[in-house]
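Among the features that TrEMBL reports, domain 'Major facilitator superfamily (MFS) profile' is placed at 50-450. Sequence annotations record features per position, and here TrEMBL assigns transmembrane segment to 49-68, 88-107, 116-135, 147-166, 178-198, 210-230, 264-285, 305-325, 337-353, 392-418, 424-446.
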Amino acid sequence: MAVIQKYGKNYSYDLVCHKENHPSDKIGAPACHKKWPEHTTWSRPVARVWTVVLLLGTCLLYCARVAMPICAVSMAEQFNWSKRESGMVLGSFFWGYCFTQVFGGYVSDRVGGEKVLLLSAAAWGSMTAFTPILAHFCSQPILSMTLARFLMGLLQGVHYPSLASLCSQKVVESERGFLMSTVGSGSYLGTLVIGGAGSLMLDLYGWQSVFYASGLLSVLWAYCMWKYLLKGEGPIITLESLGSGGPQSKLSKRHWLRLLKQPAVCAVIVTHLCTASTFFTLLSWLPTFFKDTFPNAKGWVFNVIPWLVAIPSSLFSGWLSDHLISKGFDTASVRKLMQCFSMGVSSVFTLLLCGNTTFPWAVAFVSATMGLTTFSHSGVSVNVQDLAPSCAGALFGVMNTCGAFLGVLLVYFSGYLIEATGSWASVFALITTVNLLGLCTFLAFAEARRVDIDYSKVRHHDIHI
């Protein structure tokens, strides 16, 4: 007799127990053979606490990340850096960021995303706080700052894959959208906080204060998480724990190549690659677009308003997706709907920037574009957890690495288009084309059922009389 637990509408065969004539049966305890480990999901009150904590953590992540770009001009003046040298310091973060995406997800899937988040936050928070010291006590500040930014990228690269792994293991399907969208809005909140408070501290106390404040607050966040949520348990990651992650890790190893051959998994990777690269391109070029097109406009308007729109938009998309799923709508259809807003409707407002427009309308179009783009937090970003919760962290790392590399290429190519055509319309048309390519792929192949399980073997082992 087989007993199969179902989660949501997608029948995921997570736990299979068989009652047979084992010695344990004789004393009234049926033998139970677990095919996959059972993860205890958070209760709703616990999930709410973790949502707030992870939101603050992501906010501080971006405060520490954006500290260097904010202080770059002042540091360049003090240390006599050229534009090329400043670009080398700022760009070194990206290379480190790409290298640890997959590794961070791999470790999180085996030892728990909360441990990886805690250790990485303590490390990159300390690195941020020590940045001014490294700059002053090194004979070649350009080398120490380049190395520091590279290490920052390495340490922060594990954050989002760890979040994906943690959410897939601890959050039920009908609540993942809101949690991920809320935590994702921390990036916009952090950009706003460091842009406002950081600029004020820069003027009043110097660039060093920005690094000290963001770094120490990040370390304090890591300590509070360890003390009150993890109850002081040591976040120890051993080689033994990495090598023996139990049946779950064995399953992901055994089926990794088969997993990448699944159309739904390929669709998630391609779609995330497209949406991440276009978002990165917009983030990089929009300030230049406004300065070139509207030279007399106030910078704080187009640097602040779109992010103010993005925060409530991200929260609304998470609430909407979870609400639709709880009302009985198919999970895959909801994910596709969210992605239609993120890549389809947003592209309409992007194309509107191609024509002649006034500054208020341009700010409105950009705000709508950025706000709608956040719907991907409830679409493709959560879909990876639907498809492969056993290795969601590592798979999200693959997605994020691909998206980051394509993002850099797209940024460079956009610069070439601007110089070659002398028009911003070509860039916005390119962004729209990439978005629509990703959207069509997602609509055609995306699913929400688990694909990290060999269902034929499950059915074979489930047949008992």
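Positions of Cβ are set from backbone N, Cα and C atoms, glycine also.
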Stretch in 49-68, 116-135, 178-198, 264-285, 337-353 most in contact with the transmembrane segment (305-325), if contact is a CB pair under 8 A: 178-198
Within-chain partners of the transmembrane segment (264-285) [C-beta distance under 8 Å, separation at least 6 from its ends]: 339, 342-343, 350, 369-370, 373, 376, 380-381, 383-384, 387-388, 395, 398-400, 402-404, 406-411, 414-415, 427, 431, 434-435, 437-439, 441-442, 444-447, 451
Long-range neighbours of the transmembrane segment (210-230), counting only residues six or more past its ends (CB under 8 A): 49-50, 53, 56-57, 60-61, 63-64, 67, 70-71, 114, 117-118, 121-122, 124-132, 194, 197-198, 201-202
Of 49-68, 116-135, 147-166, whichever stretch has the most CB pairs under 8 A to the transmembrane segment (178-198): 49-68
Contact check, the transmembrane segment (88-107) vs the transmembrane segment (424-446), 3+ Cβ pairs under 8 Å, seq sep 6+: no
Beyond the flanks of the transmembrane segment (424-446) by at least 6 residues, Cβ under 8 Å: 263-264, 266-268, 270-275, 277-278, 281-282, 285, 289, 292-293, 332, 335-336, 339-340, 343-344, 346-347, 350-351, 353-354, 379-380, 383, 410, 413-414, 417-418
